[in-house]
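Features reported for this protein in TrEMBL:
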DOMAIN    23-173  domain 'APS kinase'
BINDING   Gly31, Leu32, Ser33, Gly34, Ser35, Gly36, Lys37, Ser38  ATP binding site
ACT_SITE  Ser105  active site, phosphoserine intermediate
Amino acid sequence: MNNIVPHTFNVGRKDRNNLKRHKSFVVWFTGLSGSGKSTLANMVEKELFEREIHTFSLDGDNIRGGLNNNLGFSRKDREENLRRIAEVAKLFVDSGSLVIASFISPLNADRDFIKNIIGDEDFVEVFVNTPLEVCENRDVKGLYKKARAGEIKNFTGIDAPYEAPEFPDIEVKTDLEKAEVSVSRIVEYVLEKLEIKK
Ligand SMILES: Nc1ncnc2c1ncn2[C@@H]1O[C@H](COP(=O)(O)OS(=O)(=O)O)[C@@H](OP(=O)(O)O)[C@H]1O
Ligand SMILES: Nc1ncnc2c1ncn2[C@@H]1O[C@H](COP(=O)(O)OP(=O)(O)O)[C@@H](O)[C@H]1O
């Protein structure tokens, strides 16, 4: 960071949090492809938005299709993908938004790195714990079939690793629990941390 001197702005995160009347942080969904990250993130955002929380979702569609459209799924590209997403999430937290991020983020090292960028206090980890067999049976996008046929390389859970988080803040088991039940557990946790001012 040679010759870069950050400017101090008069309006800061605290001011924006006061204006919006709630805190800002990141709710980060991690899990296999097809585990239910986007489904749950979408439902959680809707519930929070209806309670007038300023939310913003970061998901594969709006990131890998745009900002990160030059990145693939090698280890190096996943690291860069997640680094940029974490930096964007941090900016949105600074803007006063409750950020809902859904990315496979497969390794413990990835999530540690992300948490480091965003800050421990501002990072809520939600582990969408769905067994590989269930994700593969769902095969929402037909990608598992392609990965098994060798048409996609480095597919998470098939020929690329996924490490389950050891101490997530919240764990949901979508094969055992209805989405509505998972959503209400997540929303309850988030509402408490938001410290909404009436
Ligand atoms: N090789 C390989 N491995 C895993 N996933 C793949 C791959 N190729 C394409 N896709 C599609 O990309 C989505 C995952 O992107 P992410 O940005 O979340 O991945 S990562 O966090 O950088 O590992 C993932 O979306 P989700 O199904 O929503 O998880 C897939 O649709
Ligand atoms: N309890 C549940 N929670 C979340 N998704 C579920 C659940 N039960 C079934 N599903 C289905 O699993 C699929 C998950 O897909 P998606 O949300 O796109 O996963 P991901 O974003 O992790 O790739 C959806 O078709 C969803 O309807």
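Residue 1 is the first one shown; counting continues down the chain.
The backbone N, Cα and C atoms fix where each Cβ goes, glycine too.
Locations of recorded TrEMBL features on the structure.
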residue: Gly31; record: ATP binding site; contacts (Cβ under 8 Å, 6+ apart): Lys37, Ile104, Phe127, Val128, Asn129, Thr130
residue: Leu32; record: ATP binding site; contacts (Cβ under 8 Å, 6+ apart): Ile104, Val128, Thr130, Leu132, Cys135, Thr156, Gly157, Tyr162
residue: Ser33; record: ATP binding site; contacts (Cβ under 8 Å, 6+ apart): Ile104, Cys135, Lys141, Leu143, Tyr144, Phe155, Thr156, Gly157
residue: Gly34; record: ATP binding site; contacts (Cβ under 8 Å, 6+ apart): Thr130, Cys135, Glu136, Arg138, Asp139, Val140, Lys141, Leu143, Tyr144
residue: Ser35; record: ATP binding site; contacts (Cβ under 8 Å, 6+ apart): Val128, Asn129, Thr130, Cys135, Thr174
residue: Gly36; record: ATP binding site; contacts (Cβ under 8 Å, 6+ apart): Val128, Thr130, Val172, Thr174, Ala179, Ser182
residue: Ser38; record: ATP binding site; contacts (Cβ under 8 Å, 6+ apart): Asp59, Gly60, Ser102
residue: Ser105; record: active site, phosphoserine intermediate; contacts (Cβ under 8 Å, 6+ apart): Trp28, Thr30, Leu82, Arg111, Ile114
- Filtered recorded positions, from Gly31, Ser33, Gly36, Ser105, whose Cβ is under 6 Å from an atom of ligand 1: Ser33, Ser105
- Task: Using the centroid of the Cβ atoms of Gly31, Leu32, Ser33, Gly34, Ser35, Gly36, Lys37, Ser38 as reference, list every other same-chain residue with Cβ within 8 Å of it (recorded ATP site), in sequence order.
- Result: Phe29, Ser102, Ile104, Val128, Thr130, Cys135
- Task: Mind looking up the mean pLDDT for the domain 'APS kinase' (23-173) in the predicted model?
- Result: 98
